[in-house]
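Marked as active site, for 3-hydroxyacyl-CoA dehydrogenase activity by Swiss-Prot: His449. Sequence annotations record features per position, and here Swiss-Prot assigns substrate binding site to Asp295, Asn499, Tyr659 based on sequence analysis. Residues annotated as NAD(+) binding site in Swiss-Prot, with sequence analysis given as evidence: Met323, Asp342, Val399, Val400, Glu401, Lys406, Ser428, Asn452. The region 'Enoyl-CoA hydratase/isomerase' annotation in Swiss-Prot covers 1-188 and is backed by sequence analysis. Feature annotation from Swiss-Prot assigns region '3-hydroxyacyl-CoA dehydrogenase' to 310-716. Here Swiss-Prot flags Glu118, Glu138 as site 'Important for catalytic activity'.
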Amino acid sequence: MIYQSPTIQVELTADKIARLCFNAPGSVNKFDRETLASLNAALDVLKDSDAKAAVLTSGKDTFIVGADITEFLALFAEEDAKLMEWIAQANVVFNKLEDLPFPTVSAIKGFALGGGCEAILATDFRVADTSAKIGLPETKLGLIPGFGGTVRLPRLIGADNALEWITTGKDQRPEDALKVGAIDAVVAPENLEAAAIQMLNDALAGKLDWQARRARKQAPLTLPKLEAMMSFTTAKGMVYAVAGKHYPAPMAAVSVVEQAAGMSRAEALVVEHNAFIKLAKTDVATALIGIFLNDQLVKGKAKKASKLAKDIKHAAVLGAGIMGGGIAYQSASKGTPIVMKDINQAALDLGVNEAAKLLSAQVARGRSTPDKMAKVLNNITPALDYAPLKDVNVVVEAVVENPKVKAMVLADVENVVADDAIIASNTSTISIDLLAKSLKNPARFCGMHFFNPVHKMPLVEVIRGKDTSEETVASVVAYASKMGKTPIVVNDCPGFFVNRVLFPYFAGFNGLLADGGDFAAIDKVMEKQFGWPMGPAYLLDVVGLDTGHHAQAVMADGFPDRMGKSDKDAIDVMYEAGRLGQKNGKGFYQYSIDKRGKPKKDVDPASYTMLAEAFGAQKAFEADEIIARTMIPMIIETVRCLEEGIVASPAEADMGLVYGLGFPPFRGGVFRYLDTMGVANFVALADKYAHLGGLYQVTDAMRELASNNGSYYPKA
């Protein structure tokens, strides 16, 4: 051993090949400050040793997952000069790796992402095993690569390929990385290190020109001027079409690669550093890094819960159709066999067909095979009676959203399943404590609220009733995680968390329409300016105005002081006219099927006529007022949920909003949005609209936080 630290060990073989092994104490390797300092010291030792070549490897199942993102928010709060010092020093280390006086190779297994990918780019050769995933995901955090990724990758695989990698932030499979020249070989895991050392021996024997490889990475890009101009112009258009104005990092990446194309390594790195620092200081980066950290927190809680959980080996869903079929597909495709029970054969057929349709789409996209599809379908057992449920560990009730029907079904199933089987209800609004009254043992009962479409929406709300045991909660959280979902635990109340905060937003929208607002103009502002994937009118059409009408009544009963209403609103107008939204072709908008078989929406003059009859002449509203009147009620209700303990933390609330409702990720969720705006500024804005009713009244705790210049997340 010629060098040893807690994170890196370097040993020299008899053939004078140095083996630099990343092996941090935790479960993964990452480039935190300690590891960067260790790498710097290790490279100094290597340079002065009698090594003839070096292989970079990992003592973990994965190579390096990237920089330590937990350090980012505090680091990015530093002054620009401090941030420049950190990034410049990191690049001194990576340059030192690239400049070693002998050939180098990376032996890559598992993830080599972000800084991990930039480390392998600094070596002369790269060998990956079949488990490898390589990529530069920094744009997903509102950043660009900062350890030389925008400099080395374009010179290695060409500007077009590099920009696709960097601007999408996608992980690359080893075979795809090999095709474009990002790596030099793909081998079986058991042959990885031997193949890497063979490559070094070939370089030492003159069969591979490691110096030419290195020189190419450090030289300007070789692109004719006209071709370069066309290439970067095209890239900007394509990237902006996807990223839009709210996500500046992908466009910044294109500009950096373009600006640095004709520069040396040293000059190009300065361009990268400056752009990185500028992005690191944006609210978008803070929001996206916050989402990443919140996601880790939620998943960490789920992992902890799994230690208390029952082992779910076999599941059941009651109620087939689209929702039941989606739950069955999700469970079976992630390895948990499931019984799908319904009283109606046609509903069972619909559920199985829904699962088959989703699996066929996976096969068509090359993400699955016919054999895997058959295996998943074999894991779904349709049933018209309860007999196959006697051995299941968990039952998810997903029948019609009617408390009497649900109570009857829950009582029936409790008499069939094992005494220790868990029973969960997929309800969006009905009180878990109310439903629990139909059970003899409410301790094994909780809510498990999936979002539609099940296969696309990542969130599951796990709702704890007053009698629900911790083992039940932990087991359902573990099952949701096993299904590939992100579970958040919330306490029981009308609407639980997500729907409770959604309907005040709809109330704000209804208020605007009652005052003469144009629903299409409101949608445009909320989509294009605020950043929602759908505006409120379009969202109501997709959810279904019958569903919205029912849920709104539940919320009004639950919170009459704030959500009760005496006058007819726009949802009532549409519902009473039989306009149910996308499901029957007319809601606020009218719908037809386009050439690709997808629903196409158009403004319907009949909607405007009905709304004018109900509320009078149309009136134009400024974008700021539209945003304020829709968002203030949602924000205050979200804060109330935290204060009442419905949701445990700002992080979990924000993840619920982003994953359950599509809250704009670049804003980070309600609590990140509040901190960015300043709680005092929000309180002042809400007070301006306080005359609109209880939904616009901030809480006393919010006022106190505002007066103390406080925040919901710790200040960096």
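Please read every residue number as a count from 1 along the shown chain.
Cβ coordinates are placed from backbone N, Cα and C, and glycine is handled just like the others.
When Cα-Cα distances from Met323 (NAD(+) binding site) are compared across the recorded positions Glu118, Asp295, Tyr659, the shortest belongs to Tyr659. The most densely surrounded of the binding-site residues Ser428, Asn452 is Ser428 (count of other Cβ atoms within 10 A of its Cβ). Rounded to the nearest whole angstrom, the C-alpha distance between Asn499 (substrate binding site) and His449 (active site, for 3-hydroxyacyl-CoA dehydrogenase activity) is 10. Separating the Cα atoms of Lys406 (NAD(+) binding site) and Glu118 (site 'Important for catalytic activity') is a whole-number distance of 54 Å. It is Asp342, among the recorded positions Glu118, Asp342, whose Cβ has the fewest other Cβ atoms within 10 Å in the structure shown. A Cα-Cα distance of 30 Å separates Glu138 (site 'Important for catalytic activity') from Asn452 (NAD(+) binding site). Counting only residues at least six positions away in the same chain, the Cβ atoms of Leu318, Gly319, Val405, Lys406, Val409 sit under 8 Å from the Cβ of Val399 (NAD(+) binding site). When every Cα pair among Asp295, Asn499, Tyr659 is compared, the largest distance found for this substrate site is 20 Å. For the binding site of NAD(+), formed by Met323, Asp342, Val399, Val400, Glu401, Lys406, Ser428, Asn452 according to the record, the largest Cα to Cα distance is 20 Å, rounded to a whole number.
Taken residue by residue with DSSP, the residue listed as 'active site, for 3-hydroxyacyl-CoA dehydrogenase activity' is part of a strand.
Comparing the Cα of Asn452 (NAD(+) binding site) with the Cα of every entry in Glu118, Asp295, Tyr659, these being the recorded positions, the smallest distance points to Tyr659.
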